[in-house]
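Report on one structure; see the data block that follows.
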Amino acid sequence: MSKLYLMSLGCNKNLVDSEIMLGRLSAYELCDEPSKADVLIVNTCGFIDSAKKESINAILDLHEQRKKDSLLVVTGCLMQRYREELMKELPEVDLFTGVGDYERIDEMILKKTNLFSNSTYLQSENSKRIITGSNSHAFIKIAEGCNQKCSFCAIPSFKGKLKSREISSIIAELKDLVARGYKDFSFIAQDTSSYLFDKGEKDGLIRLIDEVEKIKGIRAARILYLYPTSASEALIKRIIASEIFINYFDMPLQHISDNMLKIMKRGANSTRLKEMLNLMKSAPNSFLRTGFIVGHPGESEADFEELCEFVKDFGFDRISVFAYSKEEDTAAFDMEQVPFKVINKRLKIIEKIVDEVIEKSFEKEVGQKRLVVCTGKSSEGEFFIAAKDLRWDREIDGEILINESECGNLEMGQIYECEILQNLDKKLLAKALRKVDAN
């Protein structure tokens, strides 16, 4: 049997595409050593400069490691965005494809031909997919592309306009996954709260939530990547009212200064953002994640100081911060740029603030009882079982270390009520109190 090595870079949306490619290539034996693979695939990220460099380095590293007569395939956002340049500059690569042909990857490899469809790939309920990394959780991609016009973002230039999956397609995929034992789902897209806007339906997510709640066997769900102008008050209230969807609110704000929100073409002012955030924060056991960009063209010292004060005071649970990345095909590309030294200085300042805010979020968990899902072996060694707070993103929000149990041996994928005993440098030490369900 031929062996396959697949490297998925970037976001969880890329991961879903990688899992679909794995489904199409199920005849191959997966291996974790590039030097032994007959086919090597890199699913690239092309979002910002650091991600582009990571993708290029990964391609070159795999070329160095691969065996003679193997096939190196490059796909994904970077390839779609810089198709002509990369095909000229990467003779190390055997086959190229973009973001439209994930379900034809097997055909492409068989025929040893490049493929570039004119449209972005949109998953269907019939898409074969091999879930990776969990026996209980899966990401569900509900749409592709984006209709927003943020000044700094090039995603619409290579992902295209918003294209929503039909609700029936999503429900069919969920039912299949539940039948296979998956019970925990994270709904994702470039802009989840714009779901079905392209079909003329506002608040389409509310209807999706209604349908998801009818499926027996789903124990938890969360929605990632809400957008400030497309996430309505009605949607937030519907999430809060749900018995299945967790009060996990992931809304990248990018800034809080009205001046910068206007320059960045975010479509909402600070008053609107704060109203939305306060509604989210009022929900029982709410968990708020956001992201900010510093050093965008037009950002003054006053704008930056306003952002820092807001980050200090609001009380987010998790925050990602990024230095502005100058990207082609964006409105900000031709604006007067903030000097690199200033950007880097601001990034260091806000990173320190964010670190303190996140530390407080972890610290306030001590003494609480939380529902957690066991995820397997811990990064801290054999004496701990790793788990995630059921509210958290499955990849990035942290780790819980269970070293005591009042309910016997713990099972991977199972939910337990735990008491949080201690904060150990952004990892929570916990004791398992009881098994929550027998599923």
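Each Cβ is built from the backbone N, Cα and C atoms, and glycine gets one as well.
From the candidate list Cys31, Cys45, the residue Swiss-Prot records in the [4Fe-4S] cluster 1 site shared with Cys11, Cys77 is Cys45.
Reduced to three states, the DSSP call for Cys77 ([4Fe-4S] cluster 1 binding site) is helix.
In sequence order, Gln148, Lys149, Phe152, Ala154, Ile155, Pro156, Gln190, Asp191 are the residues of the same chain, not among Cys146, Cys150, Cys153, whose CB sits within 8 A of the CB centroid for the [4Fe-4S] cluster 2 site. Sequence-distant contacts (6 or more apart, same chain, Cβ under 8 Å) of Cys146 ([4Fe-4S] cluster 2 binding site) comprise Cys153, Ile155, Pro156, Lys159, Lys161, Leu162, Gln190, Asp191, Ser194. When Cβ atoms from all protein chains are considered, those within 10 Å of Cys77 ([4Fe-4S] cluster 1 binding site) total 27, not counting its own. The least crowded of the binding-site residues Cys11, Cys153, judged by other CB atoms within 10 A of its own CB, is Cys11.
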